[in-house]
Amino acid sequence: MKLKPIEVAEILQKEIANINCLSELEEVGQVITVGDGIAQIYGLANVKSGEVVEFKSGVKGLVLNLENDSVGAVIMGDDNQVQQGDNVKRTKAVLEVPVGKALLGRVVDALGNPIDGKGDIASKEYRHIEMKAPGIIERTSVSEPVQTGIKAIDSLIPIGRGQRELIIGDRQTGKTAIAVDTIINQKQAHSLTNESDKIYCIYVAIGQKRSSVAQIVKKLEDAGAMDYTLIVSATASEAAALQFIAPYSACSMGEYFRDNGMHALIIYDDLSKHAVAYRQISLLLRRPPGREAYPGDVFYLHSRLLERAAKMSEEKGSGSLTALPIIETQAGDVSAYIPTNVISITDGQIFLESELFYKGVRPAVNVGISVSRVGSAAQIKAMKQVAGSVKLELAQFRELESFSQFGSDLDPATKAQIDHGKRLVEILKQAQYHPFPVEEQIVSIYVGTKKYLNDVPLQKVKEFEDKMLTEIRLNKKDILESIKNEQRITEETEQKLKAFLENFVKEFVK
């Protein structure tokens, strides 16, 4: 049987097409020096900044420095597995992490690998860790509230969806407690079917102790909040490179919800340790140090992260990503380098004071210097009705209180104002892990501002509040329902509330 030349050519072409080409061109370099989580690599002429490289042992590295004759890479893992003279190959890829609802309820590391022992994560979608922040046209102004469940915050320093609100204070003043309470408070919204009410939460632990992270996971599990929460952990024992990339990875996970018309809340705990990790990397890469030995681009480090929190426009699906960065100060010094940087990037700050904390005012929010620059637009009308005067009254009380230390004889009006202020401070106190629904907060603050507590002894204010709320939940549920559904206090509801409170105060004082 003779084959025609055309048929021979066709057969050969088919055979050639079916051959799997095994030889691939790889760009390979060599490790010149390695130590302290940094590798200097020679021979990768075309490598790009931010590209992932792979060492002989399988450990990955991230290229940060491009020099004349070598590149500097941070090692994302154990640097003991990288030796001088090892081969390093380009991957021609940037860092990506898994995103999606499959991550909810899980604890992952900075690269999105599960570390909770519950098996693999079945995520179909991956995103780059460094994404461009949405532009001005893609955004819309903040208009919906994020209810933290904390009276002092929801009434005086309200937070809106898409806002960046800094939580700042010394160590052990309750910064993480505010963040965890906010996560727990979202449980009520997740029990409803309406997707637009739900806020998915992401907690990023940067440079924390493992025991602290385990404690937070346990607390959230006990409260039933892990179902809608994801924890990204880069603890103090991990490489500085992982602590540096953890917030960016977590932000990409949060952007998945934002870009799909859902709402997410991300907590960075804390960005002081993040800046320290970046300073360590920069100094080891021999970049010139600036103020407090931080590199020159430490502002950009945080601004490019926090600018990714946004409220998206209707055309973009109306999703939002709200950021609560945490900064730890040293001896209340808010004017240090990193605190001032982050204050200038964010839309307001909640300032926690150790002095108030030790006095037993918890949450220890200093109302005088805490602000929310955009959140008041998101506050519900009922809260505006009752909380409008609280900030002024508290400021006047603080002034009179410091003034009254110098003189013992006070006129009755001043004395009454100080007593009223003390009761306001008392009603804003709250136990940890006990967030209040917004309608109950409104009733509590109404009681404080309308001077129903004047006849109640100061040490019994807390007891009064507990009993009053229990009574209203059992017998006057219609008042709470009306505030919740109407989002304002109608005249009819106010009459009912006044009648109930007058009777309750009489009974209680007896």
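Cβ from N, Cα, C; glycine included.
The following features are taken from Swiss-Prot:
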- G169, D170, R171, Q172, T173, G174, K175, T176: ATP binding site (BINDING)
- S370: site 'Required for activity' (SITE)
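This view paints the features noted in Swiss-Prot onto the structure.
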{"residue": "G169", "record": "ATP binding site", "Cβ contacts under 8 Å, 6 or more apart": "K175, E328, T329, G332, F351, L352, E353, S354, A364"}
{"residue": "D170", "record": "ATP binding site", "Cβ contacts under 8 Å, 6 or more apart": "E328, T329, Q330, A331, G332, L352, E353, S354"}
{"residue": "R171", "record": "ATP binding site", "Cβ contacts under 8 Å, 6 or more apart": "E328"}
{"residue": "Q172", "record": "ATP binding site", "Cβ contacts under 8 Å, 6 or more apart": "S354, F357"}
{"residue": "T173", "record": "ATP binding site", "Cβ contacts under 8 Å, 6 or more apart": "L352, E353, S354, F357, A364"}
{"residue": "G174", "record": "ATP binding site", "Cβ contacts under 8 Å, 6 or more apart": "L352, F357, R362, P363, A364, Q432"}
{"residue": "T176", "record": "ATP binding site", "Cβ contacts under 8 Å, 6 or more apart": "S212, I216, D269, I326"}
{"residue": "S370", "record": "site 'Required for activity'", "Cβ contacts under 8 Å, 6 or more apart": "L156, I157, G348, Q349, I350, F351"}
Local Cβ density at K175 (ATP binding site) - other Cβ atoms counted within 10 Å: 26
Other residues, Cβ within 8 Å of G169, D170, R171, Q172, T173, G174, K175, T176 Cβ centroid (ATP site): E328, L352, S354, F357, A364
